[in-house]
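Novice: From TrEMBL, for reference:
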BINDING   C82, C87, H164, H169  Zn(2+) binding site
Amino acid sequence: MSHALKQVFNKDKTFRPKRKFEPGTQRFELHKKAQASLNAGLDLKVAVQLPPGEEQNDWVAVHVVDFFNRINLIYGTISDYCTEQSCPVMSGGPKYEYRWQDEHKYRKPTALSAPQYMNLLMDWIEVQINNEDIFPTNVGTPFPKNFLPVVKKILSRLFRVFVHVYIHHFDRITQMGSEAHVNTCYKHFYYFVKEFNLIDTKELEPLVSVWVGSGY
């Protein structure tokens, strides 16, 4: 990780507190296992695969929380440059505009600025991952039937953060010398969602050009 990125990350500049795994729990052990695979420099296509003997939903839950934390940090590094003036619409270039919809204030898809969208998104995800009825933390508590649909919605919306950062703020990421870290995080995310079929291929199209010729 670059010195500049370390400086920013050490400020812990996130929108929301990081969700942590309780030591001694199965999720904590899975989290450590996932981190060990990454730190060992394993091919990311291999690192995302379900370890033998583990439950898929547990593995998915650990990664959803980890991606939330990491993407939160990445957006935090450029949030000062993502303003109502610079980004009046949450988009990924002229072809892709993302509208916000929820069960409360915005019942119909609504055009918002990128900062507004990001704040609502991080709020919404935090509620989901802290909801024991969706992300149970006690060993033996079954996952609900709607677990994967919720996960797919979380990940598809987190993907939009990558789209916005790459299309509108990558110059800032490059200035910080952080592009390798962001690229690796996206590569990890991409291989994970493809491994478990968690985002439709069509939804991933906005960043296809980013990887043309990259071998990813």
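Cβ atoms are placed via backbone N, Cα and C, with glycine included.
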Novice: Pick from H164, H169: which of these binding-site residues has the biggest number of other Cβ atoms within 10 Å of its Cβ?
Specialist: H164
Novice: Would you list the other residues of this chain near Zn(2+) - those whose C-beta lies within 8 angstroms of the C-beta centroid of C82, C87, H164, H169 - in sequence order?
Specialist: I78, Y81, S86, A114, V165, H168
Novice: Any same-chain residues 6+ apart from C87 (Zn(2+) binding site) with CB under 8 Å of its CB? Would you list them in sequence order, or say none?
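Specialist: Long-range Cβ contacts: S113, A114, P115, H164, H168.
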Novice: List every residue in the same chain as C82 (Zn(2+) binding site), at least 6 positions away in sequence, whose Cβ is under 8 Å from its Cβ.
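Specialist: In sequence order, Y75, A114, P115, M118, H164, H168, H169 meet the Cβ cut-off.
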